[in-house]
């Protein structure tokens with residue numbers, strides 16, 4: 001399993017719901033957790049490894065148990081927002097502050113098919129929102145005006161020998 005990097009079109013795909021949570025899906029989740037940990041990330045969504053599945057994994061910190069989110073749906077967000085510097089494993093080295101709702105209520109299934117509805121706030125809520133965006137083909141840089149987005153991406157694109165806007 002390998003990471004997919006910007007500007008790969010696989011990062012822009014809206015994922016499909018998972019109909020059967022089976023050993024194949026559990027294996028994907030396990031490998032995604034390993035890749036996320038090796039890469040030093042706190043979240044990883046299926047499109048970031050080239051999978052067209054509504055699946056992401058999260059580990060808020062090195063001491064936390066990894067969480068698997070299958071067919072997730074944010075059903076409520078707080079009216080209170082917070083700003084925090086975000087980055088993305090698929091766009092290494094690019095970081096910038098982004099305003100997001102401070103808390104979310106999310107419905108999902110775990111790797112065993114058990115359904116959960118939980119409320120999260122602060123950093124975990126931010127990670128969940130970031131990974132949910134990936135499942136809809138949205139990257140954190142998409143929230144910025146084109147001029148700022150291009151400025152943030154220019155060094156990244158140049159470093160990879162890609163043409164920047």
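Here, residue 1 is simply the first one shown, and the rest follow in order.
From the backbone N, Cα and C atoms, a Cβ is placed for every residue, glycine too.
A sphere of 10 angstroms centred on the C-beta of residue 134 (Fe cation binding site) encloses 23 other C-beta atoms. The feature Fe cation binding site is assigned by Swiss-Prot to 88, 130, 134, with sequence analysis given as support.
Summarising the annotation, Swiss-Prot assigns active site to 131 and lists sequence analysis as the type of evidence. Under 8 Å, Cβ to Cβ, and six or more positions away along its own chain, residue 131 (active site) finds 43, 44, 45, 56, 58, 69.
Long-range C-beta contacts of residue 130 (Fe cation binding site), restricted to its own chain and to partners at least six residues apart, with a cutoff below 8 Å, comprise 43, 86, 88, 100, 140. A simple way to gauge crowding: the CB of residue 88 (Fe cation binding site) has 24 other CB atoms within 10 angstroms, across all the protein chains here. The Fe cation site is set by 88, 130, 134; from the centre of their CB atoms, other residues of the chain with a CB within 8 Å are 43, 45, 48, 86, 89, 90, 131, 133, 139, 140.
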